[in-house]
Structures are given as C-alpha cells and as structure tokens.
Amino acid sequence: MSWGTELWDQFDNLEKHTQGGIDTLEKYIKFVKERTEIELSYAKQLRNLSKKYQPKKNSKEEEEYRYTACKAFLSTLNEMNDYAGQHEVISENMTSQITMELARYVQELKQERKSHFHDGRKAQQHIETCWKQLESSKRRFERDCKEADRAQQYFEKMDADINVTKADVEKARQQAQMRHQMAEDSKADYSSILQKFNHEQHEYYHTHIPNIFQKIQEMEERRIVRIGESVKTYAELDRQVIPIIGKCLDGIVKAAESIDPKNDSQLAIEAYKSGFEPPGDIEFEDYTQPMKRTVSDNSLSNSREGKSELKFGGKSKGKLWPFIKKNKLMSLLTSPHQPPPPPPASASPSAVPNGPQSPKQQKEPLSHRFNEFMTSKPKIHCFRSLKRGGATPEDFSNLPPEQRRKKLQQKVDELNKEIQKEMDQRDAITKMKDVYLKNPQMGDPASLDHKLAEVSQNIEKLRLEAQKFEAWLAEVEGRLPARSEQARRQSGMYDVQNPPAINSCAQDRESSPDGSYTEERSQESEVKVLATDFDDEFDDEESLPAIGTCKALYTFEGQNEGTISVVEGETLYVIEEDKGDGWTRIRRSEDEEGYVPTSYVEVYLDKNAKDS
C-alpha cells in the first residue's frame, strides 16, 4: 500500500490532506497549552485558598491550633498546598515535553512538507514542458506534411499543363521535393520528442511521483505516530503525580485519624481552668426578723457596715453577679469614679461655646461609689482594660490561679532557656580565650574580657529574674488546692481570714510592716477574685450596639481606668449616653472603648437606634 501507486493522480488532495494533518497537530498543541494554563490557575487558586485559611501569626486564632482537630485542619491546608504543587508540576512537564517539543516538530514538518511538494510541482512542470514540446513537434510535423502534399499536387498540376514552361515545372518539382524533405525531418523530430516524452512520462508516473508521494506518506505517518506518543505522554504526566497526590490525600486521612477528642478536652481544661473552687450553697436569709434597712439603696458605704447584700468575702455567699444584666454591670464597673475635667480654655474653632459641663451632684451615683471601692488600691486594674489589652501586671496577678501558674511556669522556662543560651555563649568565649592564651598569634585574650563580663552580667540578671518568677510560682502552687484533696466548697473566693490572698504577690505582703494582713488587704484580695470571676463571666459578652457618632472637640488623655484617649477632630461611635455623671461611653474599634467627658465631644445620636 503506497500513496505513489494508489494515489498517483491525487496530488492536490494529498496537499490538502497533509495540511489538515498539520492543522490537527497545531490544534492539539493549543489544547495542551490551554490545559497547562488551567493547571496553573487551579494550582494558584488552591494555594490562595490554603493561604487564606492559614492561622495569622501572633493572634488568638493561632492559639486554637494547639488542639488536634485544628492541627488536622492545618495539616489539610499544608497537604492542599503540596497538592497544588503537583498541578504546577503537570503544567511544567506538559509545557516542556509536549507543547514546546511539538511546536518545534511542527516547524520541521512544515519545512519537510514544503520541500516534498516543491519537488512534486517541479516534476509536474517538467512533464508539462515535455508535453508542450511533443505537441509543438507534432503540429510542426502535421504542418510540414500538409505543405509537402500541397507542393506535390502543385507539381503534378504544373507537369500536366502543356502551356507551362519546362523551367516552371522544374521549379515546382524542386519545391515539392523540399517540402517532402521538411516533412521527413519533422517526422523524425516528432518521433524523437515522442520517445523522449514517453520516457519522461514513465519516469514521472512510476519513479518520481511514487518517490515523492512515498516520502509524503512517511512524513504523514511520522506525524500520526508523534501525535500518538504525545497523547500517551499527556496521560503519563498525569499518572506520574498520582502517587504524590495519593500521599497528600493519605496525609489528610492521617491528620483526620490523629484527631483526639480526649486530648482536646484536656487542652481546653489546661487553657481555661481557673483553680477556684465551685461556689457553696447560699444560706437562707430570714426576712421575717426586723432588720435595719439602709437609708439609700444607691450607696454601698452603709451596706458594708451592716449586713452587706454584696458580701464579697462571705463563706456562704454565692456569685451574685450572674443575676445582674451584663451590660449594666460592666458599665457600672468601668465608668470613671472621678468627675470629668472641664474643657480646655482655648477652644478649637469647632468647639461649642457654651458646651455642657459636668453637673455637680449632691449625691454620688452608685457607679462612682462602687468604683471608689473597686479602686481602693492602685494595684487593682479596671477589668475591661485588662481584658482589652491594658497593662498586665508582671506577676500575672490579674489571671485566675491556674492560668497564672501556667503563665509563670512558661516565663520560668523561657528564662531558663535564655540562661542556658548565655551559659553556652560564656563557655564558647572561655574556650576561645584559652585558645588565644595558648596561641597568641590567633588573637588577643584581653579583647574577650569585656564580652565575657557582659555575658556573666546577663546571666546574673536572668537568674535574678528567674528566682523572682520562681518565688511567685511557688506561692501560687502552694495556694492551689490539691486535686486529690477534698477541699471545702467555697463561694468562689477565699475567706477574709485566709492569710494567702488569691492574687497577691510578694510585694503586696511587704506592704504591711508586721507581715500581717489588714482588713483593707483582705478586701483588695476579695475584689481581685471578683475581678477574675467577672473576667470569666463576661468572656462571651456581646459588644453594645452603636447608638450614634460623636466628634472630639478637644484632645483628651485618658489616663484613668475606664477612660479612653481621643484626638481633636476624631470621629468615634457612641454606645452609651451620658447618664448625668458627665461621662459618655464611646468606641473606636471592636477592642477599644471607654469613657470621655461629655463636654469634650459633640454627640450625633441615631434616632432610629435610640427609639429601638
């Protein structure tokens, strides 16, 4: 089966057929190229998806990834990142092994095809030239024969005519003979050209065209084989990454199997355990007995002297704050207890000339009196400021006992690591100094004395710091009840007569000259316990909705607990109106809110929000 013998007369159709084969190959190249673009786009989207759900560094979200379920999710994200990498490998291999290779092959194929068909056209032109020569010699032979025939007839006519001279007859005879000779020459030329043409035609149809068409056939078959190999490579490149993709999926399955709910539950206990005992039973208060009522329900001073309704240190009193509305109580706790300062004398152009001033109240509001009690010691911090990133005490006394123990232990471990690092550095410097002493040409030993003294000083500082935290840690561990011990049930805080207060530290103990605990220290301890319990109680507190906006007329430095600093011209959200104490509660962001003097801001309330 050969195109040269079977398709000897289909030159034009073969030209179209081979061009169609090249078009098919180019179409396949375009298909593979678009596939590689899809793989790259898919890999990019997978990487972006994995990156989007990665935990942000130094954030609360990162702390959640201690749990096995979160670790499994993180492993899934990492495996998906590797999964995306395999699609990039597919794209890269297809580009190098298929697209680029076939593109070069197409160029070579076009050149080869052009050469073969050029030879074919050249052979066609040669046979057509030979055919034209044959036709020309044939017509010339035909013309000469006719001319000889006419000359012979004219001679015979002249020879038969008695009126024609002998010279004319001789001339006619010579003319006839000349024409006959020309006819013979044309016949011989025609015969020669005919033989030559037949030979060329035989060569054309049996040698030249079969050879050319055979080469074209081989070229086309190589193209077909090349497409088949490329299709196979296309599948193999996908198959090569299947084991690695399978490993990625196996990694995801392994991460899922590594989820340990018991371990996560234990981690949650370690993360949130406070170390307090559950509250005890609330004693029955018999109101049938006559009792002396306080003069004002809004004052806490009288309630402290008699039977206090909010007796923080009582053994039998349970937590009373769960029965109070959260927003109202937090507002009561965080409102500054001192009256707001008057606005500055040099008012800005946007200031209101006769702005409202802080009203002078004959009776202090409940929030002022309560905050005065809560801030009886400078050590006590505003609960909200502690939760929202305020100044944290060095001994972590704002945390519950168990959490404080964990933080102190973590701090001790960090200090010990730093001490060990400094000691390793000191040993290295000492060895280097010994080398310099033995080989002075390598360096001056005295040049290392300053560095050695500096490292020793750092070690001493770190040791003192570690001893301080170890003392606090020992104090906390000594106060925490043993897990196996049947500790007595309390009302969420230690008794007033219990010497080791919950959140006190060595510095607080030294504040009493004789080492004993005064009633004021006991009250401070009780309030700190209350602060911790408040902190736990309001962890899930929803932020108040904004009821309007306000513009700062002056710059205010919020140095007291519960206040917030503002800059002149700044726009903020109002979440609580002035209740008559001269303070307005505002919010700058989700984690930053507090009180500012009402006379320092211009409030624009949202009527719809206020009505609702």
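In case you wondered, yes, glycine gets a Cβ from its N, Cα and C as well.
Note: TrEMBL annotation is automatic and uncurated.
Since the structure is predicted, the reported quantities are computational estimates derived from the model, not experimental observations.
Listed features, source TrEMBL:
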type	residues	note
COMPBIAS	337-346	compositional bias 'Pro residues'
COMPBIAS	361-371	compositional bias 'Basic and acidic residues'
COMPBIAS	378-387	compositional bias 'Basic residues'
COMPBIAS	507-526	compositional bias 'Basic and acidic residues'
DOMAIN	1-264	domain 'F-BAR'
DOMAIN	398-475	domain 'REM-1'
DOMAIN	545-606	domain 'SH3'
REGION	280-313	region 'Disordered'
REGION	332-410	region 'Disordered'
REGION	481-526	region 'Disordered'
Summarise the model's confidence over the domain 'REM-1' (398-475) as a mean pLDDT value.
86
Which residue counts does DSSP give the domain 'SH3' (545-606) for helix, strand and coil?
3 helix, 32 strand, 27 coil
Composition by DSSP (helix, strand, coil) of residues within the domain 'REM-1' (398-475):
72 helix, 0 strand, 6 coil
